[in-house]
2 protein chains.
Amino acid sequence: MLYMIGLGLGDAKDITVKGLEVLRRCSRVYLEAYTSVLTVGKEVLEEFYGRKLILADREEVEQEANNILKDADISDVAFLVVGDPFGATTHSDLILRATKLGIPYRVIHNASIMNAVGCCGLQLYRFGETVSVVFWTDTWRPESFFDKVKKNRQNGVHTLCLLDIKVKEQSLENLIKGRKIYEPPRYMSVNQAAQQLLEIVQNQRIRGEEPVTEETLCVGLARVGAEDQKIAAGTLQQMCTVDLGGPLHSLIITGGSLHPLEMEMLSLFSIPENSSESQSIDGL
Amino acid sequence: MLYMIGLGLGDAKDITVKGLEVLRRCSRVYLEAYTSVLTVGKEVLEEFYGRKLILADREEVEQEANNILKDADISDVAFLVVGDPFGATTHSDLILRATKLGIPYRVIHNASIMNAVGCCGLQLYRFGETVSVVFWTDTWRPESFFDKVKKNRQNGVHTLCLLDIKVKEQSLENLIKGRKIYEPPRYMSVNQAAQQLLEIVQNQRIRGEEPVTEETLCVGLARVGAEDQKIAAGTLQQMCTVDLGGPLHSLIITGGSLHPLEMEMLSLFSIPENSSESQSIDGL
């Protein structure tokens, strides 16, 4: 059996009791290590789970999936995913491969950023399509995702922006020379995302469109589900400077009109006037 | 401290390790019992959690929230919610009340139907606004939610339909006579939802609109996250008769064009030709 087990958000103890019981009896336990991260590293997880974890990077999962699935028809293999196993599309692929090999699978769900963002008070059923914001380079500055943000705004629904993660990336030089030297991991911050968005807003304005402006109400979230979680509600302009601390970050562009309950919840997290500091939540 | 703890979907062991540790040290533990249910009852939860649970119905949570929050400034109180604490808007209200009373709160997230539906293979980021489908009566047959389904279809995104739950409802007669006698709980099935939707589709057609037809591809899901979970992909017409077993059910109206990976995943769950039986997933 292939077990796809969600680890939730936060730390080692955010796994479910069921997930923990299952992984402890599996013959091999893989940790998917490229679509998200917890606030603790592999060693802490290994100690709490009581099992050695095999790190599975994108290359391994996408190109060598058969290694992961080896003998899963006669023994139990666990594939651990930060958040929920269906947060990233790449995991559907693993399930399809298993099914083709006649290997049964089972999913043990957990929280993902897709539902945990509800903690800011914006109502989950009022979210439209989710977008991904990728790191721009000097030569690659995609804006196409912004069409979805515009459509969501027109429909009065919120947009969750998932921010880019670069893990185990090679520099162009190392890539060309075939050197397996990797750059340090990079996680896009709310500040970086907001700055890229502002540039798009300015380009849109030139074309006479203003679906989003510097004043559009946004919510920045950091380390959702962790002890030191931070949430800040303010304008897109404020999101460029608000200090939310370490990764992972997410950004929400609100849909315009808010329900009174949403408004009241967001006010708990509003950025104080004349400050670039976010207000942290007591007790979180 | 007020702890809002998600129980996930499925059974007693779907709580997180963190959630379980926290609830065991709380002085009072409430179980919210009106927006969703697990596959096991209160007694099973009490035995596994090792704590007595106080059932909190809608009346209690909305009108007597102060009872729940009593002494939460000097002791720890847990409020357990099936799924994730932010699946239902009513729980924001409890947090706002706590905050006004100076009581700190903390959220322990878990899977909710909002993210776990990803298990059918439709990609979570391609969902639009979520709708609720309520039980029709002879005199009350609301269709307004269908505007959102239409909008989602126009935008090519999927619609998750949350199906009605009636717990602790009184008959009109008992209500008028002030008798606290409650009807047995009712959970809308995919069949019932599809039948109501077909009636709306026919009404739309009279008006010359056909955003959804009998042939629109839908996905019915039952007991997501439980051992005996069932998923069936087929036309809206097929959803009227497919047998998915006991509650809870959810229905997805697809957005039209599907990603090849979505298509391939859905094919695992397609209803066989000439059959009104859903195909259950091996190993689930």
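Glycine is treated like the rest: Cβ placed from N, Cα and C.
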### Message
With B:Leu9, B:Asp84, B:Gly87, B:Ser112, B:Ile113, B:Val224, B:His249 listed by TrEMBL as S-adenosyl-L-methionine-binding, which of these, B:Leu163, B:Leu172, is given for the same site?
### Response
B:Leu163
### Task
Rank the binding-site residues B:Gly87, B:Ser112, B:Leu163 by the number of other Cβ atoms within 10 Å of each Cβ and report the first-ranked residue.
B:Ser112
### Query
So how far apart do the S-adenosyl-L-methionine binders B:Leu9, B:Asp84, B:Gly87, B:Ser112, B:Ile113, B:Leu163, B:Val224, B:His249 get, largest Cα to Cα in Å?
17
#### Entry: For the domain 'Tetrapyrrole methylase' (B:1-238), the mean pLDDT of the predicted model
93
### Message
Given the binding-site residues B:Ile113, B:Leu163, B:His249, which pass a C-beta cutoff of under 8 Å against chain A? Sequence order please.
### Response
none
